[in-house]
Amino acid sequence: MALVGTALTLSILYLAALFAVASFGDRRAGQGRSVIANPYVYTLSLAVYCTAWTFFGSVGLAATGGLAFMPVYLGPTLAALLFAFVLRKILLITKAYGITSIADFISARYGKSGLLAGLVTIVAVVGTVPYMSIQLNAVAASLELMLVHSPNAAFMTGADSALLVALLLAVFSILFGTRHIDATEHHQGMVLAVAVESIVKLLCFVTLGVVVTFWLFDGPGAILEGLREAGRGDLLTLAGTGYGNADWILLTALSALAMLVLPRQFQVAVIENVELPHVRRSIWLFPLYLFAINLFVLPIALAGVASALGGSPDSIVVALPLAAGHDWLALVAYLGGFSAATAMVIVETVALSTMVSNDLVMPVLLRIKALRLERWHDLSRLILMVRRVAILLVLLLGYVFFQLIGNRYGLASIGLIAFCAMAQLAPLIIAGIYWREAALPGAVLGLAAGFAVWIYTLIVPAMAGTGTLSITLVTEGPAGIGLLRPTALFGLSGLHPVSHALVWSLTANVGLLVLVSLLVRQNKLERLQALLFVDVESSRASTRLWRGEAQVGALLDLLRRFLGPERAEAVLASDAAARGRALARDEAADAALVQLSERGLARALGAASARVVVGSVVRGEVMGPDELMEILDETQKVLEYSHRLEEKSLALEEATGELRRANERLQQLDRLKDDFIATVSHELRTPLTSIRSFSEILHDTPDLEPAERQHFLHIVIRESERLTRLINDVLDLSKIESGRMEWHVGPCDLRDTVQEAVAASEGLMAEKKARLECELEAGASVVVCDRDRLLQVLINLLSNASKFLPAEDGRVRLIMRRHRDRFEVRVEDNGPGVPPAYREAVFEKFRQVSDDLKSRPKGTGLGLPISRHIIEHFGGRIWVEDAALGGAALCFTLPVPRADHPALAAE
């Protein structure tokens, strides 16, 4: 059999095998056993990015520009790093709102605009047509090259191989992608087939690279030697690419955007995604695949240059094996390229056919009253037919482009032109998911302007190159205005043509999107959708608020017409499962069922058309556009009002929580105040009672023994002193907190003050039968403070320590030492200590922590709060920690005064 006949037979057998793989995947999915629910299949499906451009065009570009092919793959590699953020957010939105395509995504974000959905679809179709022509061009060129080496292939003589390939791919694309009406239903068989194709094209390219590098040549060294002999050593340098620094950056950025906006990438990365965690694994698996498939691009290209094959550089992968007489290797190369082209065409046409059907054709057909589509009982067949025709037309448009323009340019050049067109969708997506103020008028005008600039700067020069337009339009500009030359717009020159077009098209696009969005006011539905998209992680699917009545039967009939009986019943069954019972046909449909029906229709018609269709039966009658818009406006008002109420409710709930917490704190303070007053009253009453009792005894019993009289007088004096201390504590705290305390500040010897406090506390320690130890560091110990207040603090700490000593063998240790810029004093005891949870509470003025621990000691609980105020007033700090003796350590620090301190200078 002739070589070209073998190639055609291999193509048909390969497509049949893929169809068998897809059927297997669909059967397994029907049995509830998904074959694509793993990250490796998901990553391999992302490799649909690598098309015939990768297989043929990258090698051709490397043969003429060396490393110039790299930006196309550096971009997606860098984009993969953002998968966990950008792609994850897009996936959350898509799964939450039943998105069917990139056009549906953008339309839903900007108020479910049918106009914007249609414009996005037009841009996608026009932008994809050049890319489609690449696949036809590459496969047809390979067949024609093999035809030259097939002298017995009379059956192919004069045949249009590109048209043959287009028709063949159209048939299989229809078989692969238009078997189901639900566009959000995973095409599990198709995804499995694409994953298999990714493996096939990788194996074929690696096989070709290994054989060329190590069999046809004796390794990379021999290829480099042949390259030097051909005088093309420049291909290994950056200068040999012909790109400037700006081109590298712009083309890399363009390729990164392509990963987000190409319809086929959106289809496999978003619509066909089964589980969100697969994205995280693809962050490193996808770049690894790109590295592997590009590993031999440069060696194969350089081998082709060294072999001086002649002909088109894009045909090197097939021409090189044929020139060496290895027909089998040429078939391997052809199969890999054909596999890459097939995967791209199938996924791209499936994505585009959904967009054309949902956002261009069906909205128009639904508005043509003469067709009387409302009387059709089942529109699902019509929708599938529209999608099949769309697939055929897209491929035929690719063929027309190939005939008019495509066969005059390299594959890489055409691919970059397509990338630039699709990049116009990126600002709408990125702004749509991160900027709430992005508005529909800005999106429409920005996209239209960017697309117009793309046509002017890239398509017009291409058409001028074919003679369709006057070449003077490019060389001199329209009407001779040089600043308007398409290839040097406004004088910008020195860039790659695609870089130049990218700069001006995105400038126009982003500029108008931002400017118009800032100037106009979003309508209510836009604001709601913006909120749902930007805050998708905190939002939930909105509950549709609507006015009017609809019966379950009317909604069911509507679903049957557009989805078919089986899908319609499935929607009603899911509603019945959610509410716990099935609704009768004559029952009124609630908002939840209306919303569910709209989402089900959106999967077949798109969000914009589904909104109109559901609205037409909400009141049981067909309504005109004006009436529909009136009801929609009222619905939007309710939605907006509901949203405002929700925001105010959240704000009120937060304020209520703050008030509740403040009230609880006030109640606690009130209780503490009551406890404090009760404590003070008790402490005042106790000494007063003692004083009164013993005074009455002394008054009523004049014949008391002198010793007994002396004892009673001592008690009266002691209780009077206790009463005085209590009153002083209360007054001191009041003065300190009100700022009326009189401080007598001056130099004070800390060691002397500590010793005085120890002497004053010896009686107290003797009463407790406790041992008081002192460790005072030698050296100067001057501080600046109020000496009396410092003495009060020290006595307070020693008194506090004595209250918690054990009944026997009590120990208190007072330590004073100096650090670099501060003095530290520690009063340690061997009592029960203070748990960490209470160490801050001991300084609260209205409570005694001992209340929570054990029996309450004598005192008001004001000593430590007063001590904290005094220490902090003089720049120190006071705290509680564990003591080496096993109990608590009350510690404070005071700063070492500088030599030029005013208080020291006064001395």
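Cβ coordinates come from backbone N, Cα and C, glycine included.
Whatever TrEMBL says is automated annotation, not expert-curated.
Since the structure is predicted, the reported quantities are computational estimates derived from the model, not experimental observations.
Taken verbatim from TrEMBL:
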- 6-25: transmembrane segment (TRANSMEM)
- 37-56: transmembrane segment (TRANSMEM)
- 68-87: transmembrane segment (TRANSMEM)
- 115-134: transmembrane segment (TRANSMEM)
- 154-178: transmembrane segment (TRANSMEM)
- 190-217: transmembrane segment (TRANSMEM)
- 242-262: transmembrane segment (TRANSMEM)
- 283-308: transmembrane segment (TRANSMEM)
- 328-361: transmembrane segment (TRANSMEM)
- 382-405: transmembrane segment (TRANSMEM)
- 442-464: transmembrane segment (TRANSMEM)
- 501-520: transmembrane segment (TRANSMEM)
- 645-679: coiled coil (COILED)
- 679-898: domain 'Histidine kinase' (DOMAIN)
Decide whether the stretches the transmembrane segment (442-464) and the transmembrane segment (115-134) have at least 3 CB pairs under 8 angstroms, with pairs required to be 6 or more apart in sequence. yes
Could you pull out which residues elsewhere in the chain have a CB under 8 Å from any CB of the transmembrane segment (283-308), counting only those six or more residues past its ends? 39-40, 43-44, 46-47, 49-50, 54, 58-63, 66-67, 69-70, 73, 76-77, 80-81, 83-84, 198, 201-202, 205-206, 208-210, 212-213, 216-217, 220, 223-227, 229-230, 232, 235, 316-317, 319-320, 323
Hey, does the transmembrane segment (37-56) touch the transmembrane segment (328-361), meaning at least 3 C-beta pairs closer than 8 angstroms, sequence gap 6 or more? yes
Same-chain residues at least 6 beyond the ends of the transmembrane segment (501-520) whose Cβ lies under 8 Å from its Cβ atoms: 250, 253-254, 420, 423-424, 427-428, 431, 435, 437-439, 441-443, 445-447, 449-454, 457-458, 489-490, 492, 495
Per the 3+ Cβ pairs under 8 Å rule, pairs at least 6 apart in sequence, do the transmembrane segment (6-25) and the transmembrane segment (68-87) touch? no
In this predicted model, the domain 'Histidine kinase' (679-898) has a mean pLDDT of 82
Chain residues outside the transmembrane segment (115-134) and at least six past its termini with a C-beta under 8 angstroms from it: 51-53, 57, 102-104, 106-107, 263, 344-345, 348, 352, 355-356, 358-360, 363, 394-395, 397-399, 401-402, 405-406, 411, 414-415, 417-418, 421-422, 424-425, 428, 440, 443-444, 447-448, 451, 454, 606-608
